[in-house]
Amino acid sequence: MTNTQQQSESIDDNQAQLSKQQNSDNNKKVPRVLMILDGFGHREDDKDNAIAAADMPNLDKIYEQYPHGLISASGEDVGLPDGQFGNSEVGHMNLGAGRVLYQDSTRISSEVASRDFYKNEALVNAVKAANTLGGNVHIMGLLSDGGVHSNQDHIEAMCHSALVHGAKNVFVHCFLDGRDTPPKSADKYINRLRDHIIKLNAHYESGRVQIASIIGRYYAMDRDNRWDRVQKAYELITEGKADRLSTRADGAVQAAYKARETDEFINPTVVIGRDEVPYTVDDNDALIFMNFRADRARELAQAFVLPDHEFSGFARNKQPKLAAFVMLTKYSDVLADNPKTSIAYYPTSLTNTLGEYLQSKGKTQLRIAETEKYAHVTFFFSGGREDEYKGETRILVPSPDVATYDLQPEMSAPEVTDKLVEAIESGQYDVLVVNYANGDMVGHTGIFDAAVQAVEALDVCVGRVAAAVHAAGGDMLITADHGNCEQMQDYESGQVHTQHTTEHVPLIYVGEKKVQVRSGGKLSDVAPTILALMDIEAPKEMTGENLLVAAE
């Protein structure tokens with residue numbers, strides 16, 4: 001073979017390889033990324049504002065270069081009562097549904113007001129089942145007016161309903177908040193419940209209500225498989241195993257404060273009555289879980305109802321044979337299918353959420369988050385659906401194993417970003433939905449410096465993702481599900497601010513389209529906007545509207 005022939009064949013090989021690469025690139029999908037910065041609200045005042053205090057070169061550049069605006073993420077705009085701050089469940093459901101969703105909390109409160117709550121079949125039957133077997137009624141849930149996981153009005157109504165339907169003994173196991181409420185505010189809620197109980201006991205001579213235990217939500221409401229925490233709550237409620245004994249719930253709270261525990265972290269405490277024995281859940285008792293939000297109720301619920309071959313969280317010394325176990329709402333398919341459980345309020349069915357509609361159009365989608373927010377970009381974003389859609393891929397990145405996230409403010413954001421950038425570059429996905437948990441999870445600690453570090457870690461990740469989207473010729477929307485870390489001090493209580501806010505959240509378009517962000521938007525407008533970026537008409541079920549309009 002001559003040199004000329006060899007050169008010719010080499011050129012042909014290179015051209016063939018280049019052609020193959022071009023064909024491969026042509027087959028790559030144009031990525032549309034929805035980036036949800038959890039707990040990242042907009043607040044004009046820079047004081048005690050972790051976002052304003054952070055060094056954010058990437059986000060600052062994005063704000064300078066791309067269209068942006070603000071959208072509503074709280075109150076009636078997301079299906080909550082007027083003035084109620086948003087939360088991650090509500091936010092992600094509105095983001096994925098493309099319509100305002102009236103929340104379980106609103107629905108249940110409406111039934112309490114109309115007294116239909118007192119006729120709820122699952123709740124009434126649970127009380128009657130315990131009565132028939134000579135058992136007691138136990139009510140457990142987050143005692144708070146935070147409105148994120150529970151509502152104290154519902155717990156008080158359940159105490160009343162149990163007596164109305166003939167319960168002899170009603171015991172309340174209180175999970176204390178300090179996360180969606182000020183860190184040391186439990187006295188307010190305990191005293192309110194105590195006053196309600198006094199009135200009920202005075203009116204219904206045939207039955208009585210009593211607070212049986214208190215414990216911080218850190219233990220009772222884990223969602224990250226920290227079973228050692230859940231075990232403490234389970235053993236408190238079933239065995240009376242506690243760090244403290246008290247004759248009064250308010251006294252127990254004060255004892256915890258003296259031990260430098262805030263509400264969220266209050267150790268297991270038994271509140272004993274005149275007979276000086278714990279009031280525990282036993283055989284033939286009914287147990288009613290009054291949290292309406294699923295993600296932080298599942299683990300404890302599983303401990304009460306799953307058989308040994310399905311439950312591996314911890315060894316259960318006592319497994320009461322319950323007369324009934326009621327979930328206020330559907331916590332999971334597994335729990336709903338369990339013959340020992342019933343559901344007071346079933347979810348309303350949703351059709352043509354963003355995920356379902358993308359499936360119907362033959363599109364591919366990725367959902368990615370670390371453990372703390374994985375349920376939000378999957379279950380909640382899909383309108384309460386557990387299963388993947390056809391063409392959907394899910395990536396779960398483990399959250400760091402630390403006691404509180406101020407100890408590792410970056411959490412697993414860098415690892416989430418690694419996998420997200422890889423997915424964008426792969427060209428396999430039409431739509432990629434990512435949640436970054438830092439702003440919310442570190443914001444909840446109330447530690448300002450850690451929240452600033454969390455935002456700065458996010459900024460690095462945002463820059464990397466924006467570069468990948470640009471290189472792939474795609475589009476990205478950056479938004480949030482609710483506010484949090486933009487306010488780290490509570491000026492009313494004088495304590496650190498650990499709960500969410502009612503602030504608007506950013507909506508930033510990153511891409512090459514000549515558009516601007518219209519005013520008056522809300523979270524339910526995001527899904528139709530994603531579809532508009534793909535030149536796909538939104539389904540009729542999506543009442544939200546495109547947030548992007550032609551630039552003037």
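Numbers here mean position along the shown chain, with the first residue as 1.
Glycine too: its Cβ is placed from the backbone N, Cα and C atoms.
For the substrate site, Swiss-Prot gives HIS149, ARG179, ASP180, ARG217, ARG223, ARG293, ALA294, ASP295, ARG296; the one candidate out of LYS61, LYS361, LYS363, LYS373 that the record lists there too is LYS373.
When HIS470, HIS500 are compared with the Mn(2+) 1 site residues ASP440, HIS444 in Swiss-Prot, the one appearing in that site is HIS500.
Residues SER88, ASP481, HIS482 are given by Swiss-Prot as Mn(2+) 2 binders; from ASP38, ASP45, ASP430, that same site also lists ASP38. Excluding ASP440, HIS444, HIS500 themselves, the residues of that chain whose CB lies within 8 A of the CB mean position for the Mn(2+) 1 site are, in sequence, ASP38, GLY39, ASN87, SER88, ARG179, ASP180, GLY439, MET441, GLY443, HIS482, ASN484, CYS485, THR498, GLN499.
Residues ILE36, GLY39, ALA73, GLY86, ASN87, GLY91, HIS92, LYS373, HIS376, ASN435, ASP440, ALA480, ASN484, HIS500 surround the recorded Mn(2+) 2 site, their Cβ atoms falling within 8 Å of the Cβ centroid of ASP38, SER88, ASP481, HIS482, which are themselves excluded. With respect to their backbone Cα atoms, ASP440 (Mn(2+) 1 binding site) and SER88 (Mn(2+) 2 binding site) stand 9 Å from each other.
If you take the CA of ASP180 (substrate binding site) and look 10 A around it, the binding-site residues you hit from HIS444, ASP481, HIS482, HIS500 are HIS444, HIS500.
Taking Cβ-Cβ distances under 8 Å and a sequence gap of 6 or more within the same chain, the neighbours of ARG223 (substrate binding site) are ASP295, ARG296, ARG298, GLU299, GLU372, ALA375. Least crowded of the binding-site residues (ASP38, ASP180, ASP440), judged by neighbouring Cβ atoms within 10 Å of its own Cβ: ASP180.
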